[in-house]
Structure formats: structure tokens, C-alpha cells
């Protein structure tokens, strides 16, 4: 390959996000739908943050981690939805190379943090249910801050390594990304470099970032459920389960769609399903999490009534 041609192929200035362009007649309804979702997401998470800050009864480890999750999900939605909404409104689906890489970096960073935070929240629930007498001592302020900070730092490191490898690759004339945001697999398809090392490292990092927290959550809930089943009274079992039911619903929605997206074969026929499932864990989950906690949690409902 001539040096000039190679140079031209290396410095691609923009990609095209195909998004939901297959449905030209639905662009306006989709714009309105995602706009409502974005507004509900931001409003719900801001409300949760305000309630946690303003109400002394919510100054507990569970709500400290929940406020971290709300901050994360506002950033999460703001990374993807504004660009998607602009594409619906203007029809311009182009995204610059640097913006695409940055969008992926922030997206991967926040996904990693969410995986770790959900695992930390499961540990908090494990201590609350299985070791209630020692809960206050074990889950002290210093440990809460350390666990939350560890999640943010771990997500940042994983995202930085993957994005660095991705940015070193050569991208050819194929600039169309068959997705509504710059996810790893669709972007890598545009590369004419050898992707083996990048994909291998990404798989290993993803296993550390996604699967290890997931296995930790599963182990925590096995212990939690075993402990709940040993409680003699039905009222006691219901009360114990209610302390972790909201978190369990969040984990189920997030990980089910996440695993479906990345475990389904990357074939043309399944592209539409991948996009649909991606919508659930990138767009719908940040919207429903505040609703789950406000509708199912007595303490949050009580704080809302006081406000």
C-alpha cells in the first residue's frame, strides 16, 4: 500500500452512525419517544439525588451507592441520547472520529462503573440481611467511600486501556457504523488492521469488568436468599427480602440485556435485535432505576411525601 494511501486511510475524519435509519417514517415518533425518555431519566435521577442529600433518613450506605448510580446514569444517558436526538431531528448522523472514540471511552467507563457499583450494592445488601447486628460497624463511611471510589477508578482504567488500543488501529474507507452509538464491535468492523490483539484484550478486560461482578452478585444473592429462608416468620422473610428487591430488579434488567447484546452472534439478521437490546441497557435502564426505587421503597416514598 502506498504511504500516502495508508496515511489517508489512517486519518478518517468522521463515521456515519446508521442508527434507526432503516425506519424513515418513524424518525419523528422515535425522536419524541427518546426525548421523553431522556427527560424522565434526568428528572428521576436528579430527584433521587435531591432526596438523598436533603433527607437525613436516607444518609445510609444503600442510598450513598444509589446516589452514585444516579450520577452515573445521568452521565450515561447524556453520552448517547443527545447525539441520537440530534440525528433524528436534523438527519445528520455523522460523528467525528475523535468524538466517536471519546463517546466510546465515556460509555465503556460508565458501563464498567455500573457493573462494579451493582456488585458493591449487592455486598451492602448481603451485610444488611446476613449480618444485621454488625452492619453499621462493617459498612462504615470510610468503607463506603473506598468501595465507590474503587468502582469509578476500576471502570476508568478498563475503559482507558480498551480505548487506547482501539484508537491505535487503522480505519479504512468503510465508515458506516451500524449502531446508534459508537460501541466497540461496530467500530472495530470499520478497521482494516489486525484486530486480534485488541479483541483479545477487550474480552479479558470485559470478563474482569462485567462477569466477575456478575458472579459476585449471584454469589451474594445465593447467600441472601439462603439467609432469608432460614427466618422463621413470614413477616420477617418479607421484610428482609424487601430490602434487596429493588436492587435485584435493577441487576436483572441490566445484566439480562447486557449479556444478550454481547452473547448473541454478530450476524446481519440479529443486528436489529442487538440494537433493541442495547436500547434497554443504555437508555431504558437509567430511566426505570429511579422509578423502581421510588415506587418500591417505603423510605423513598416517605421522603417524597415529606418534600
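Glycine residues also receive a Cβ, built from the backbone N, Cα and C atoms like all the rest.
In TrEMBL, annotation is done automatically, which means it is predicted and not curated.
As written in TrEMBL, here are the features:
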type	residues	note
DOMAIN	44-293	domain 'G-protein coupled receptors family 1 profile'
TRANSMEM	30-54	transmembrane segment
TRANSMEM	61-81	transmembrane segment
TRANSMEM	101-123	transmembrane segment
TRANSMEM	143-166	transmembrane segment
TRANSMEM	204-229	transmembrane segment
TRANSMEM	241-264	transmembrane segment
TRANSMEM	276-295	transmembrane segment
Could you check if the transmembrane segment (143-166) is in contact with the transmembrane segment (276-295), meaning 3+ Cβ pairs under 8 Å among residue pairs at least 6 apart in sequence?
no
Let me spell it out: take the transmembrane segment (101-123), skip the flanking residues so only those 6+ beyond its ends count, and list any with a Cβ under 8 Å from a Cβ in it.
62, 65-66, 68-69, 72-73, 75-76, 79-80, 83, 95, 147-148, 150-152, 154-156, 158-160, 162-163, 166-167, 181-184, 187, 209-210, 213-214, 216-217, 220-221, 244, 247, 250-251, 254, 258, 282
Mean pLDDT, the domain 'G-protein coupled receptors family 1 profile' (44-293)?
87
Report, as numbers and ranges, every residue of the chain located at least six residues beyond the transmembrane segment (61-81) whose Cβ falls under 8 Å of a Cβ in that stretch; write 'none' if there are none.
34, 37-38, 41-42, 45-46, 48-49, 52-53, 103, 106-107, 110, 113-114, 117-118, 120-121, 124-125, 128, 139, 144, 147-148, 151-152, 180-181, 282-283, 285-287, 289-290, 293
Do any residues of this chain, six or more beyond the ends of the transmembrane segment (30-54), have a C-beta under 8 angstroms from a C-beta of it, and if so which?
20, 23, 63-64, 66-67, 70-71, 73-74, 77-78, 81-82, 84-85, 88-89, 283-284, 286-287, 289-291, 293-294, 300, 303-304, 307
